[in-house]
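Q: If you scroll down you'll find the structure; I have some questions about it.
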Amino acid sequence: MAPAAGRPSLTVLAALDSARTQMYHLKAIAIAGMGFFTGAYDLFCISTVSRLLGRLYFEGEKYEPQDRPSRQPMAVDDMVVGVALVGTLMGQLAFGYLGDRLGRKRIYGVTLVLMAVCALGSGMSFGSSRRAVVGTLCFFRFWLGVGVGGEHPLSATIMCEYANRKARGAFMAAVFAMQGVGIIFACLVSMVVSGVFLRCNPAPAWREDRQRSAQLPAADYVWRVVLMFAAFPALATLYWRMKLPETARYTALVAGDGKQAAMDMQAVLDVPMDGEQEKVSRYRAANEYPLLSREFARRHGRHLVGTATTWFLLQITFYSQNLTQKDVFEAIRLTSNPANMNALEEVFQLSRAMFLVALLVTFPGYWVAVAIIDKLGRRLIQLVGFLMMSVFLLAMGLMPRNHNNVLFALLYALTLFFASLGPNCSTFVLAAELFPARLRSTCHAISAAAGTAGAITTAYEIQNLNIRGYMVTIKKGLVMLAITNFLGFFLTFLIPETMGQSLEEISGEDDNASIRADSVVDMSVDEKSPV
C-alpha cells in the first residue's frame, strides 16, 4: 500500500522543524562551531611553521639547492603535515560510528579534550634532536587529527538534528564557516607571535649569516607557541558542550524514548510536546535496516556514492591549495626569497600572505554560502562551485610562462572563494541531511573520510610538484586539479536537492513509518472481518 499522503510526523520532530530561530539555535552553532574553529587552526597552523622546522632542525643537510635555507626532507615534510590527516580519517570513521551507537552527546566532549591535550603535546615535543622532536610532534599530531576528525560527523549531525527546516542549511553552513575563522586565526597568531619575537631578536638574513639567521632559541619557542594556542578555545568550550542535551532525533528514532525526547526539547524550545511512544516505536521499527543491507543500498546507496566521491574530489583541491600555498606565494612574488630573510621573517611573511588570502577570499566564501544556501539550494551552489573552480584552475595552468602575476593571483583567489562558497560547504551539509537518523553520523563520517583520503593520497603529489616553488611544476598541478573538479561537477548529479524538506522526508523515514502504520491497520481490519 502506498504511504498515506500528508501523514504527520512525530510531534517533537515537527516542533523542531517549525521552531523559530532562537537563542538555543545560536548557542548550538557557537558550541559546535568552536570545534571546527579549533580543528581548522590545528590542521592549517602547521603550514605557517613547517619551513621554520626545516631551518631549525635540518640546516646543513641539504635536500634543496645550496642557494636557499634547508627545508625538511620531502618525506619528513609529508609526515609532519600529513600525519594529522591520517588521524583525521581514522577519527571520522571511529567517532562517526560511535555517534550512532552511543549517542551524539555522550562522546561529543571527548573530541575537544583530545584536541586540547594533543595541541599542548605538539608544542611541547620532547628532546632537542630532530629525531626526537619530529617523532613526538608526529605522535601528538596524529592523535590531534583523531580529535579533529571526530568533530566532522558529530557536529554536523548534532546541528542538523537541532535545526529547524527553514534555516537548517544556514545553521550547518555557519558551523562549517568557523573553519574559515580558524584558518584566519592560525595565520594571525603565527604572524603576531613571529613578529613579537622578531622585534626582540633581530638577525641577519640567511645569505649573510646562516647560523645567526636561525635566531635560536627564540625561533624554537615560536613554533611551539603557535601549535599550543589551539588548546585554549577547545578547553573554553568544553563546559558548554557537555550541557547540550542529546538530540531529539537520536533519543526518539534511535534510542526509542519518545518521552525523554519530548522532555529534552520542551526544556529548550518552551513548546508543549507529546512523547507519542507508540508512534516512536513504529518509526524505529520501520527504519531498522543496517548500513550493509539491500534496503540501504536501494534507498541511499547512490546518495552515499555521491557525497563520498564529490567530497573526495573537492578535498584534493582544497587541501593541496591551502597546505602548499606558501610555495605559490613565492612563485608569484607575494613573499621574498627565503635566502634574503632570517627564520622569523620568513614565518612572518608567510603568515601575513596566508592571513590576507584567508581574510579576503576564503572567509567571505564561507559566509556567502551561509547567506544563499537556503535560497539557491545545496546542489546548485555545489555545481557552480565545482564548475568555476575548474575554469579558474585550468586558466592558471595554461597561462604562458611570462604571465601576469596579478592575474594569476586573482584567479588563485577566485578558486579558493568558489571552493569555500560551493562544494566545501555543501558536501558537509548534504552528507548529514540525506541519511536516516540511525546511520546519519556513520554515513557523514564515511563521506568525510573519503574527502580526507583525497587530501592524503593526492595533495601530497601536488605538494611534491610545488615543493621547489617553480612555476612550471605548479602549473602541472593546477591542470590536474582542474580535471578533478570537472569530475566533481558531474558526480554532483547523483545527489538530490534537500532544501526545504524535513530530515524524515529526505531520508524516507516518514514514508517507511506510514507504510508500516497502514500495514498494521490492514492486518487489524482483516482479523475483524468474517471468514
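Backbone N, Cα and C atoms are what each Cβ position is placed from, and that goes for glycine too.
Pulled these features from TrEMBL for this protein:
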type     : residues : note
DOMAIN   : 28-500   : domain 'Major facilitator superfamily (MFS) profile'
TRANSMEM : 28-49    : transmembrane segment
TRANSMEM : 79-98    : transmembrane segment
TRANSMEM : 107-126  : transmembrane segment
TRANSMEM : 132-150  : transmembrane segment
TRANSMEM : 171-198  : transmembrane segment
TRANSMEM : 221-240  : transmembrane segment
TRANSMEM : 303-320  : transmembrane segment
TRANSMEM : 353-373  : transmembrane segment
TRANSMEM : 380-400  : transmembrane segment
TRANSMEM : 406-431  : transmembrane segment
TRANSMEM : 477-495  : transmembrane segment
Q: Considering only Cβ pairs under 8 Å, which range in 28-49, 107-126, 132-150, 171-198, 477-495 makes the most contacts with the transmembrane segment (380-400)?
A: 477-495
Q: Can you name the far-off residues of the same chain, 6+ from the ends of the transmembrane segment (303-320), with a Cβ under 8 Å from a Cβ of it?
A: 85, 382, 386, 389, 393, 415, 419, 423-424, 427, 430-431, 434-435, 443, 446-448, 450-455, 458-459, 462-463, 477, 481, 484-485, 487-488, 491-496
Q: For the transmembrane segment (132-150), I need the partner stretch with the highest count of C-beta pairs below 8 angstroms, choosing only from 28-49, 171-198, 353-373, 477-495.
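A: Comparing 28-49, 171-198, 353-373, 477-495: 28-49 has the most Cβ pairs near the transmembrane segment (132-150).
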Q: Please tell me whether the transmembrane segment (353-373) and the transmembrane segment (171-198) touch - that is, whether there are at least 3 C-beta pairs under 8 Å between them, with each pair 6 or more apart in sequence.
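A: Taking Cβ pairs at least 6 residues apart, the transmembrane segment (171-198) and the transmembrane segment (353-373) are in contact, with 3 or more under 8 Å.
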Q: Sort out for me which stretch, of 28-49, 79-98, 171-198, 477-495, has the most Cβ pairs below 8 angstroms to the transmembrane segment (406-431).
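A: Most Cβ pairs under 8 Å with the transmembrane segment (406-431) come from 171-198.
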Q: Taking residues 6+ outside the transmembrane segment (107-126), which of them lie with a CB under 8 Å of any CB in it?
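A: Same-chain contacts beyond the ends: 35, 38-39, 42, 91, 95, 98-99, 132-134, 136-137, 139-141, 143-144, 146-148, 150-151, 154, 158, 223-232, 234-235, 237-238, 241-242, 244.
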Q: What parts of the chain pack near the transmembrane segment (221-240), using Cβ distances under 8 Å and only residues at least 6 beyond its ends?
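A: Cβ under 8 Å, 6 or more out: 27, 30-31, 34-35, 37-38, 41-42, 45-46, 48-49, 52-53, 56, 109, 112-113, 115-117, 119-120, 122-125, 186, 189-190, 193-194, 197, 344, 347.
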